Amino acid sequence: MQLKMSKSSDKMTAFEGQDLQTQALREKAMLFCVAIAIPSLILILWEMTTRMGWVDELFLPSLSGIVNEFFAMTRKGYAGTPLLSHVLGSLRRVFTAFTVGTLVGLLLGLLMGYYKYVRAAFYVVTELLRPIPPLAFITLFILWFGIGEVSKVLIILYAGALIVMLNTMAGVQSCPKDKILAAQTLGANDLAIFLYVILPAALPSIFTGMRVALSVDFGILVAAELLAGDLGIGYIIQDASTFFNVEGLFVGILMIGFFGVMSDFLLRIIASRVVHWQG
Amino acid sequence: MSKSPIHPVSSLDRQSELENSPAQLISLDRVSFGYSHKRLVLQDLDLEIKQGEFLTLLGPSGCGKSTILNLIAGFYKPLLGRVTHGGEDIKGPSARRGVVFQSNALFDWMTVEQNVGFGFRFQAVSKHERKKRVETIIALVGLRGNERKYPYQLSGGMRQRVAVARSMVVQPEILLMDEPFAAVDVQTREGLQEELLKLHEQVSGAILFVTHSIEEAVFLSDRIVILDRNLGGIAHDIKIHLPEPRYTAMNRVSDAFNQYRTDLYLKMKAIE
Ligand SMILES: Nc1ncnc2c1ncn2[C@@H]1O[C@H](COP(=O)(O)OP(=O)(O)OP(=O)(O)O)[C@@H](O)[C@H]1O
Ligand SMILES: [Mg+2]
């Protein structure tokens, strides 16, 4: 009797489980449709407004115009330089600065999080620098390091490193005390505790910092390229707006958005692989 | 010492064994302690724990039970008096004294297997031996099949089992447990208590246990110490005689058990 009852209730829950699963799938599909539908609608509206001549092409070019401009650029290049060179130039700046900046920020952040005295030593400087927008330093950097690659890469590097450093430090300090004590009572020395406990506990914060840093880096990149030089997506944006080439301007903006999204996506995948234990 | 489950050995054997064993493992000698200099938490406290003994601390909230554990673990040093392990002053945390935290303090980034084997990284134990001992203890706490899981994939009771296994597998001379089962449901808790007794039988160390549950204390302990409030020190020190093996269901409902429970209940009430 008892057995029978429990059996049938088992079946019920298994059945219900399947039902829940299809329901969850259906919901996922719906959400996906909504997520795709709204942007599509915006694009259609955009194309319509421009086709019907509701707004001047000078303020909002047609989608097809932008696409044409993009393909024209891929064929003829921009300002005498192949489009690919502009793109690679920008990406090289960002990724050099991001990589080095992350390493520097990580190192400083770990030291500051772990050693009170290092934290004290850097405290005033970081608290002073933190509220200053990195762009405020850009002309200073140009003055110090010239108008070429170095100052561009350095300003991006600085902005990213500061963010990674602060997040890494916070991550190290957020490591639960009882986990450190548990490791100690299992015989771990300071180095082992750092490697096996504090560092993994800080990884989620570190990756958050890296993602924020990367998006900030793209912003600084464009600003730095707007200001000086004749290569890069920021240069295209700047140059196109000087000549009222609104289609070209949009191509530049959309390319920055595209690469920003793609690189964040990549970083998110890496993060979810590394920080896989959060469910 | 035979512990056949068919012919339960009288607990008198275990008690007299503890009685006759002169070996003091841990000793608190006129210990005074406060987290700040303004207020003492412990004053002139004497407490001894013998090798292999299962000792439980009971007492009102804030009377200093966790503090005593912290001192023995080596997380803090006494202001006055001495806390010794095998006659030597305790200078800091050591693998000779294991700790199970109420929060379980598992390493979320390690699998069950890696968590349990963590302590072996710092011991000269062969890989083969290591693997064998980890496997054995995982089976003992009923977690076979979960070796490759991460803590977030486990229930609260399972996590606490991992924490106990992790501390016990390296065979500390004493295991300090601060309300380790407080956060799990009653059924799981009883299972955990029985497993703990079985583990205690296999792994020879002493256990210092803290709980608010009188039933838990009686069921588990060789000896129970009730602490007074307001620096009162030790109010009662009671030996528990129950038939071996201790982990039988009978030992939760027997007259002897109920007598201890009533007695302790009244003693606790008198303090509060
Ligand atoms: N880290 C700490 N810093 C300062 N004071 C503390 C600290 N931990 C405990 N205390 C104080 O010391 C006293 C004893 O605390 P303790 O945690 O040892 O009590 P307890 O017996 O374990 O209580 P409970 O049963 O509630 O866990 C309390 O008054 C508490 O407020
Ligand atoms: Mg406590």
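Cβ atoms are placed via backbone N, Cα and C, with glycine included.
Record features (TrEMBL):
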type	residues	note
DOMAIN	A:87-271	domain 'ABC transmembrane type-1'
TRANSMEM	A:29-46	transmembrane segment
TRANSMEM	A:94-115	transmembrane segment
TRANSMEM	A:127-147	transmembrane segment
TRANSMEM	A:153-172	transmembrane segment
TRANSMEM	A:193-212	transmembrane segment
TRANSMEM	A:218-237	transmembrane segment
TRANSMEM	A:249-271	transmembrane segment
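Tallying C-beta pairs under 8 angstroms between the transmembrane segment (A:193-212) and each of A:29-46, A:94-115, A:153-172, A:218-237, A:249-271 places A:153-172 first. Listed as Cβ neighbours of the transmembrane segment (A:249-271) (distance under 8 Å, sequence separation of 6 or more from its ends, same chain) are residues 61, 66, 69-70, 73, 87, 90-91, 94, 207, 210-211, 214-215, 218, 222, 233-234, 236-237, 240-241.
A Cβ distance under 8 Å defines the sequence-distant neighbours of the transmembrane segment (A:153-172), meaning residues of its chain 6+ beyond its ends; these are 93-94, 96-98, 100-102, 104-106, 108-110, 112-114, 119, 126, 129-130, 134-135, 137-138, 141, 145, 198, 201-206, 208-210, 212-214, 216-217, 220-221, 224.
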